[in-house]
Amino acid sequence: MRSSTISASAVVLLSGLASAQTFTDCNPTEKTCPSDPAIGGLQVTDFTAGKSSYWEVEDGTTMSYDGTLGAQFVISTATDAPTIKNIGYIMFGRIETWVRASAGTGIVSSFILESDDLDEIDWEWLGANNAEAENNFFGKGNTTTYDRAQYPAVATPIDTFHNYTIDWTAKSTIWYIDGVAVRTLLYDDKQTVGGKNYPQTPMLVKMGSWIGCASKAAETDSATAGTCSWAGGAVDLTQGPFTMYVKNVTIQDYGCATEYTYGDLTGDYTSIKATGGCSADGSAASPSASSSSAASGSSSSTKSSSGSSTLSTVTGTTSAIAVGTATGTATLSAGEKATAAAISGSTTSSSTIAKVTTTSDANSLKKPKHEYGMIDLGVMVLGLGLGYLVM
């Protein structure tokens, strides 16, 4: 994500998105910080079914949900920066989402992975560019250069939903659009400075939209001119509202934990401690996926109409991050079941996300169902027989 020196008020305004490389509540490379709650398995969110308990709404954010278009991130005024964040972290993983970016010069739509020590992996879209998406990364908050971004072509990302995927492992990070790899970043790529700037610490998924250039004056202000140039110029709010849409998000945590802890101040992935075992409601997949499964949604153009219904409206308040009810159960929505089924059984790609059952949980995490074969049953019977003889 493009960053520049910004005022304290702007930091609040951008709700943690634009300032991602320069701010963290507690930096584990500087001091001991609290452990991060882990997703620890597969999490599926279907925003066309309404609000999800697996996402927290940031202060000042009002969200609406549409039965066709999903979550709506709306900018109408200069102080709007709608943002939501997941309740859990991943330690390497695969993240897929169906997004239709917001229009509007100066408007930025963002989908990012961010860690406590300022590692970051991005998908972003500029409202003035209806032909490209942007992918980027940062390590340990290093913003000394802005030469890491790439802009792969994508057909009308502002008018059309597309599948955007990040597959993140200790060896590489791969960005996909509609199942096609558009960038591969190796751990030891020259831009990572021998791996030092390679993102490698527990990540939290955030998404939202924000104003990259608030006014004509900002275009010439030395503190904001760089971001204004990147965002395409000043926003004209009279042309709004400007809306980013997200249909769904699928997160596979490759770690096996209920929480992740930094073992020292290095920020190296080998120092991260995973504790608690896999989630009681999900199991991590192998971190070797090689392509994207365009499982849910459609690549065809989707237009908003006056007939579409808003399911609900939610206003954000501050709350602590929590893993949720790992042992609790709840009924999945029809949309979540369909999404999970598509991911596990009806894709044509070589995604290694494990096949899962669609029995429920409070975090859309699915636990693989164990099946016993004849040999297993035979061993059980033999064991019971021997136990009887001993008695």
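In case you wondered, yes, glycine gets a Cβ from its N, Cα and C as well.
Residues 93-127 are the range that Swiss-Prot records as region 'Plant cell death-inducing domain', among 93-127, 163-197, 198-232, 233-267.
According to Swiss-Prot, CYS33 forms a disulfide bond with CYS26, chosen from CYS26, CYS278. Residue pair LYS206 (chitin binding site) / ASN163 (N-linked glycosylation site) shows a Cα separation of 16 Å. Site extent for chitin: among the recorded binding residues GLU124, LYS206, TRP210, THR227, the largest C-alpha separation is 20 Å. Model confidence over the region 'Plant cell death-inducing domain' (93-127) is summarised by a mean pLDDT of 98. In three-state terms derived from DSSP, LYS206 (chitin binding site) belongs to an extended strand segment. In space, ASN248 is the closest of the recorded positions GLU120, GLU124, THR227, ASN248 to ASN163 (N-linked glycosylation site), judged by Cα positions.
TRP210 (chitin binding site) and GLU124 (active site, proton donor) are 11 Å apart (CA-CA, integer value).
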